[in-house]
Amino acid sequence: MFQGSIVALITPFKEGEVDYEALGNLIEFHVDNGTDAILVCGTTGESPTLTFEEHEKVIEFAVKRAAGRIKVIAGTGGNATHEAVHLTAHAKEVGADGALVVVPYYNKPTQRGLYEHFKTVAQEVDIPIIIYNIPSRTCVEISVDTMFKLASECENIVASKESTPNMDRISEIVKRLGESFSVLSGDDSLTLPMMALGAKGVISVANNVMPREVKELIRAALEGDFRRAREIHYYLHDLFKVLFIETNPIPVKTACWMLGMCEKEFRLPLTEMSPENENKLREVLKKYNLPLKN
């Protein structure tokens, strides 16, 4: 079962290529700071602009660098089922601990199509699978009924990442799918309310910047200390907000550049932050006394 504090890791670039030195340093940073798992090649990892070869190489590199010290979850979804199967099979082959498979985007499948898609991936590849529900980007939402059917029939569908503000949906998933299924927040600002309803952790953007604090929030919530969890939530709330002042992952990668972790480099169609928003981000980071280097 996946739970705890999981980082949605950025993918650093340098001169147009994946910066593996910086990526290795980021992985070490999370090992040192007690993060429970890293997710590579997700939304925050700019997976849509990676080539197939880069995608596979990043996953393989992360698994080798982690060397069993921290779990590695690979983003392996796509809007073509055969591609999702291929990427998921590769993730298993190189030793990833699990796969995050996004709801197919753009082609807007029906619930039957979503069921067949995820069932095919789960049956073809025996690896723990997290369903990634993010309707703001996919334009379609997998229903709780469909998820319940999938989890009932496929033992390796073990969790969902929920990037939705719909708390009724979270309640329904927790109630119907039970303790053996992990609900993971996909939105830092909503992690605390989701965990109050029974979610078991977060796949976090803010974790790239302040992993120890996010880990403490999750620890407190899992132990039922919601007073402490609430204190940390409000302490981090300004960070949660500013990291989404522009499209993710633009602000968080810019924050990592300010902290000297990577270059400030994106691939089109993503571009650098506006100067105004970059200044807002810098002021928030200063508030937390973070060691700014750029």
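In case you wondered, yes, glycine gets a Cβ from its N, Cα and C as well.
Within the same chain, the residues at least 6 positions away from Y132 (active site, proton donor/acceptor) whose Cβ sits under 8 Å from its Cβ are G42, G75, G77, L100, V101, V102, V103, S160, K161, S163, G186, listed in sequence order. The annotation active site, proton donor/acceptor is assigned in Swiss-Prot to Y132 on the grounds of sequence analysis.
Residues annotated as active site, schiff-base intermediate with substrate in Swiss-Prot: K161.
What Swiss-Prot lists as pyruvate binding site is T44, I203. Proximity of I203 (pyruvate binding site) to non-local residues of its own chain (separation of 6 or more, Cβ distance below 8 Å) is seen for I6, V7, A8, L39, G42, I73, L100, K161, L184, S185, G186, given in sequence order. Secondary structure at I203 (pyruvate binding site), taken from DSSP and collapsed to helix, strand or coil, is strand.
According to Swiss-Prot, the site 'Part of a proton relay during catalysis' annotation covers T43 (among others). Its own atom aside, the Cβ of T43 (site 'Part of a proton relay during catalysis') has 23 Cβ atoms within 10 angstroms in the protein chains shown. In this structure, T43 (site 'Part of a proton relay during catalysis') belongs to neither helix nor strand by DSSP; it is coil.
When other Cβ atoms within 10 Å of the Cβ of Y106 (site 'Part of a proton relay during catalysis') are tallied across all protein chains shown, the result is 10. For Y106 (among others), the entry in Swiss-Prot reads site 'Part of a proton relay during catalysis'.
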Around the Cβ of T44 (pyruvate binding site), the count of other Cβ atoms that are within 10 Å: 24
Length of the line joining the Cα atoms of T43 (site 'Part of a proton relay during catalysis') and Y106 (site 'Part of a proton relay during catalysis'), in Å: 15
Length of the line joining the Cα atoms of Y106 (site 'Part of a proton relay during catalysis') and T44 (pyruvate binding site), in Å: 19
